[in-house]
Structures are given as C-alpha cells and as structure tokens.
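Record features, source Swiss-Prot:
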type	residues	note
REGION	1-124	region 'Actin-severing'
REPEAT	24-75	repeat 'Gelsolin-like 1'
REGION	72-75	region 'Actin-actin interfilament contact point'
REPEAT	260-306	repeat 'Gelsolin-like 3'
REGION	384-715	region 'Actin-binding, Ca-sensitive'
REPEAT	405-451	repeat 'Gelsolin-like 4'
BINDING	G421, D422, E449, T499	Ca(2+) 1 binding site
BINDING	N539, D540, E562	Ca(2+) 2 binding site
REPEAT	625-667	repeat 'Gelsolin-like 6'
BINDING	D642, E665	Ca(2+) 3 binding site
Amino acid sequence: MTTELEIQKAGKETGIQIWRIEDFELVPVPKTNHGKFYTGDSYIILKTTALESGRGFEWNLHYWQGKESSQDERGAVAILAVKMDDHLNGGPVEHREVQGNESAAFKGLFPTITYLIGGVASGFTHVEINEVEDRKVLTRVKGKRPVRATQVPIKWTSLTDSDSYVFDIGKEIYVWSGPKASHFEKNKAIQYADGLKNERQGRAELHHIDSLDDKESRTMLKDFFGEAFPGSIPSGESDTVQQVGTTIKLFRISDDSGTLKITLVSENSPFNQGDLSSGDTFVLANARTNHIFVWKGKDSSRTERASAANPDNSFFNKIEMPLTSKLTVLPEGGETANFKSLFTNWKSSRDQRGLGQVHSINKTAKVAKETFDASVLHSNPKKAAESKMIDDGSGKTQIWRVASLRKEPVPKELYGQFYGGDCYIIMYTPQRGANVLYYWQGNKASINERTALPIQTKNTHETECDGNASQIRVVQGTEPPHMMMLFGGKPLIVHLGDTISPTGKSKAASTRLYQVQSFFAGRCRAVEVPAKSSHLNSNDAFLLITPSGSYIWVGKGAVESEIQGAKDTAGILKISKYEIINENQEPNEFWTALGGQSDYWRDEREEGVPVEPRLFEMSNATGNFIAEEINSNYVQSDLNPDSIMMLDAWNYIYVWIGKEANQEEKMSFKSLVDNYVKTDGSGRSKDIPREVFDQGKEPLSFTGHFLGWDKTLWD
C-alpha cells in the first residue's frame, strides 16, 4: 500500500525525489540525506523538470543498486522502476546505476555522493546524522565530479597513499591525505569534513593530520584503529573511469515468435533511424563508453521492455557488455542527444534545449545574411558560446604560408585566399584579450607540410605571441565562424592546387568552378571544385569562370548571401563581367563548359540533431585514452587546475590546460583528443576544429558555456 501511495506522488512537481527499497516497498528518503546511499540497499531517484513550454514535465528515473545489495533488492528496484514508469505513461528516461559506475546524469544530481556501510537489512535507517556521541567512522574521499565519500572498514589496510580520508569520532573530526592525493581531492576532503562539522552545529572540532606517525596523532590513531601505525601505507589505484573500446552494436529484442530473442541488427555505426521500428525494443551497446541504451518502441510489448529494463547476466553476455555498464532506457520520442548522435540525420519533432545547437552530421546548415553585433558577446556569454565568437574580427590579422621547415608571409592583397594543397598560420590580434593562432591545413597538403604546421605554429606562439595565444587547429572545410570574420566581410576562398610562385599565387586553370555556401552571419566560403556538372548542388550558388565568359549559377535553395558571395568572389578574382542564371534556365554554353549535363545533388539539406556540449577530464595514466565525463550540469569549478579538460561542443572542441597539469599530459593531449574524435561513433567529421588555451586565458566562446563565469575563481 505504501508503494502505491508513493508512486501516486511521483513526478508531480519539479525537483528530486528519492526512495529506498525496504521489504519490496518504496520508502521516501529525507531531503537532508539526498546523496547518501547505503551500499547494501537499492534506491529509486526521480528528477522532474518542467518543460520550457510550461505544459507538463519531463523525467529522468534512476534506479541505483549498491554493491552489497541482494539479488532480491536489485530485482525489486527494477520492477518498481517499471511501475513508476508506467504510472508516468512511459515518459521517463530510465537509467540503471551501479555503485561506482554511475552515469554523468546521476552524478550531476549531487555535489557529493556518500556511500554508507550497511543497509536496511542491517537496521540502518536514513535519520538525521548530527549526533556526536559514540561515533567511529572512517570515510575515503575519492574521485572528482562529484566526489565520492565512501565509508570503509576501520583498518590500516583501508588507507592508500593516493586518497584522502576523514576520521570521524563525533566531537573530533580529523582529515588526512596521502602524499599522492591530488590537490582537488585534498580540498574536497576538507570540505566534506567541514560539512560534518556544520551538521553538528559547532559541537565538533576539525583537525588536519600532517603525518600518521607524528606525536600529536599517534595516540588518537592507535585508539581509532585499535593498533599502532604499521609503518607504511600501500599505493592506491588511480580512479580510472571511462576507457574507449572498439565496437558499437545495435540489437533487436522481440517476442513475436512467442519466445524472447535478441538478434544483431547492425554493427556499422552511425546507424540509420530506419533500423528502429515501433513494434520492438532495441538495444544499442556502445563498448567505447561502456554504455547501453534500450529504446522502447511505442508498440513494443511489456515483456520486451521489462526484459531490457531488468537485465540478467545472459543479457549482458549476449550483447558482449560488462555487468557494470551504464544502462539508459528511452521511450520512443524521448531520445537523448547522446543516443541520437549515433544515428545519421536523426529526425525529431522535439524542440532543442540548452546551449547545444542543431548541427548537421557531415552537412552544413546555411544561415541567411544577418548583422553581427560583437558588443553583445561580453554581456551575453551564451551568445558567445553558441556562435564560437570572441569579437567581430576587426582586430589585426597576419598570415603565413608554411613551406617545409619555414613560413613565408602571404601578401595582404591575398588575405582570405588559400590553396587546398598548402598549410597556413593566421595570427589574429584582437583589440582586447590574448592573440589567436589558427593553423589551417589544406585537404591536399603534403605530409611534410602537415608535419611542419604544428611545429611552426608552436614557434609562432613563442616568438610572435610571447607564449600568450590560443591555438586552433583548422582543417579545410571546418573553418570556425570567427576565422570567417577576419577578411573584411569577403568570402573565404579556397583554390585547387598549391602555391608554386614567389607571389603566393598559382597559375589558374582556364575553366574554374567555385561552390559558394553561406554560414555564420552570412559569411561565405567559396571553394573551387572540379569543373564538372556533377559537382553542382541545388542548395548553393556557384561561380563558373571560362575563357569565353563567366556565370553565377543560382541553385533553387541558394540564399541571397550566397548570391552576393558569388559576386564578391568574382570581384576578388578580377572577373568584372558575368551572367546570372537560375537553376533549370542554363544556356547550352554553360553545360558545354562543364563537360556536358549530368546528375548532381538536388535534395534539400537536412538538419542534424541537437547535441549539448560535454565536458571531460583527460588522462593517459594507463597508456590508453581515458576520459572522465563530468556531469551534465557542469560548472566552472569542475575545471580542475591539476588536469587537462576537454569541452566537446559538437562542431568545435576546446582544450583547457590547467596550471598544475603535468608535463606528460601536456605533451600527449593532442593525441588523446585525436583518439577521442577518431573513436566517436556519431559519423561527424573527424576534422573538428580544436582550440587549445591555458587556464586564465579562456576565450569568450569557451566561458560562455559556463553559467556565471568568475575570472577570480582561482586567485
């Protein structure tokens, strides 16, 4: 009866509700104990959020299983989660959480997660923990975001040299950190102990232990452990987190034959949305992130849905995933951005939310001409984050072409023109703030030039910028909005071939075809393509230059800024006369110049799916790429000065180098980022621009991803 009443209360107002499973019933946990979990128990956590429309709610339902919880409790929590999901009409996104391997969404619910020894079977209940008498508790503080405070047995062997500990004896609270513990964990242990002190309203004293064998602490520790300090503390293991694997597979769960079967649909990601059908339940197993998604078709049977929501060992064996994998259950129509990013051109009717933009996978959404007001960037950080802009590009620009082991200045009259067979360094000096170095790699650049490019960029960073510049790697075709703004409103032009003359220009072909696309604030790229009709595209405008005359071809989907961009390109290339023709109204001479009429792309470009930015802390401690994803509600204080952080904004990657990051990480982070992009299963371009900068030199486009950025936070 208690369970039915609690389910009726679930999800009716915004906030977090938590229940512990006691004798197969839901028992609410007081808000003062949210974030504290007994390792012998299982819990349901429901987060309710109001829709932006104001008409209803959306829910994230987590069912958490402690490492020491019984099989009955684990089964009960899954069954009760399904009941709550049914009560909410299948609307929640469900997450199976295993102690120590919780999802980023779960970790984002609590500033600290505390694991308490015992459980309901041992008589432990969630009561106000502010008593100061008869206490003896040893807590290990480990991890980053959030910190995990785990009660451990009161033995000397529970200590390691890489973690921090809190010795709680009621009226006295002691903090000790191993010599290899990070600064971050040391500070968090102090904060955790200070929180215990505050709970006791001044009835406890806080002390710091510098050495386990000094005179002041020797007596206390002997009383606490029941024996003297053994003389040494063992080494601890690193808090290893997410390791990239290799496979991403899609399975179908169906009981159409009368027997529940799991069959492989595809192991070639990104998948097609058409691989899913409403009549069945599907499982997407991502071994690269140890994450399992269960997609519930709206017409799938309850048996199919329940089998995936409460999986047994055979389920994990069948899909070749570890038992500790994160598991997220999604209703049809309630797919998360991370799930949709593993499909090509997912079509959704749901509105976009958050800082993420709608980006296309291997496509580019065009933007009509608009006025860009750089003054709003400082007052509107979100705008800076969305636009990837630091200013309006009106500062000073200097460009060099990289030739083998040297760089050559590009004549100013050729600024904005690049050759696809070359590499370039663009140094931008804004009117305020640090310099920006774009190092641009043409798609046809030689291996020698591609190798020399980062070396010459590093040299430029030291000699021209005094070591004070953001460095942004750009591959042809992925130029970020700010780089597009550096050429006085003119198109960015990319020619075929490479530079072979001292003037910085290569001899042009007699017939040339330039594809013109509009992007941020109406700025255009004009890219030379082979002069064949098969390279036309109905979505764009084209400039065709021939010995007998020139044409601007206007595709049916071209916007005004693209037509103007084609005109501007003609002017830059000294083409004073041209004929403007619309698609399907071409003269014979036009097709003759292109080698005859043939098929070309005529379909409208599709928009991609909304993908919200993701923050990672990077590590190469094991020799493989390892990244810990920070909870989805990340804040500025999640940036760890001891580490290198990566913010994946989908079509742009930021790398933040903390002041205390070690030299090995600084030397290897580029390969770690490359591996991250290479192993991404979304199908997006592997040539995403990457911007690298030091702590304290963050661009507006980065800080705008953090609510209320504080420049003095680390002072």
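Placement of Cβ uses the backbone N, Cα and C atoms for every residue, glycine included.
For N539 (Ca(2+) 2 binding site), the nearest of the binding-site residues D422, D642, E665 in terms of C-alpha separation is D422.
Long-range Cβ contacts of D642 (Ca(2+) 3 binding site) within its own chain (separation 6+, distance under 8 Å): S182, H183, F184, G658, E660, A661. Predicted-model confidence for the region 'Actin-actin interfilament contact point' (72-75) is 87, expressed as mean pLDDT.
Using a 10 Å radius centred on the Cβ of N539 (Ca(2+) 2 binding site) and all shown protein chains, the other Cβ atoms total 22. Neighbours of E562 (Ca(2+) 2 binding site), defined as other CB atoms within 10 A of its CB across all chains, total 30.
A 10 Å cutoff on Cβ-Cβ distances gives T499 (Ca(2+) 1 binding site) a total of 21 other Cβ atoms nearby, all chains included. As a summary of secondary structure, the repeat 'Gelsolin-like 3' (260-306) carries 8 helix, 20 strand, 19 coil according to DSSP. Within 10 Å of the C-beta atom of E449 (Ca(2+) 1 binding site) sit 21 other C-beta atoms, taking all shown protein chains into account.
Secondary structure by DSSP for the region 'Actin-severing' (1-124): 35 helix, 44 strand, 45 coil. For D422 (Ca(2+) 1 binding site), the number of other Cβ atoms no farther than 10 Å from its own Cβ, over all displayed protein chains, is 27. Spacing of E562 (Ca(2+) 2 binding site) relative to E665 (Ca(2+) 3 binding site) is 43 Å (Cα to Cα, whole number). Across the repeat 'Gelsolin-like 6' (625-667), DSSP helix (H, G, I), strand (E, B) and coil residues number 8 helix, 14 strand, 21 coil. Of all the binding-site residues listed here (D540, E665), it is E665 whose C-beta has the fewest other C-beta atoms within 10 angstroms. Close to G421 (Ca(2+) 1 binding site) in the fold, though at least 6 residues off in sequence, lie G442, K444, A445, S446, L496, G497, D498, T499, each with a CB less than 8 Å from its CB. The separation of E449 (Ca(2+) 1 binding site) from E665 (Ca(2+) 3 binding site), Cα to Cα, is 25 Å. The DSSP breakdown of the repeat 'Gelsolin-like 4' (405-451) into helical (H, G, I), extended (E, B) and coil residues amounts to 8 helix, 21 strand, 18 coil. Neighbouring residues of the recorded Ca(2+) 1 site, listed in sequence order and excluding G421, D422, E449, T499, comprise R401, V402, A403, Y419, G420, C423, G442, K444, A445, S446, D498 (Cβ within 8 Å of the Cβ centroid).
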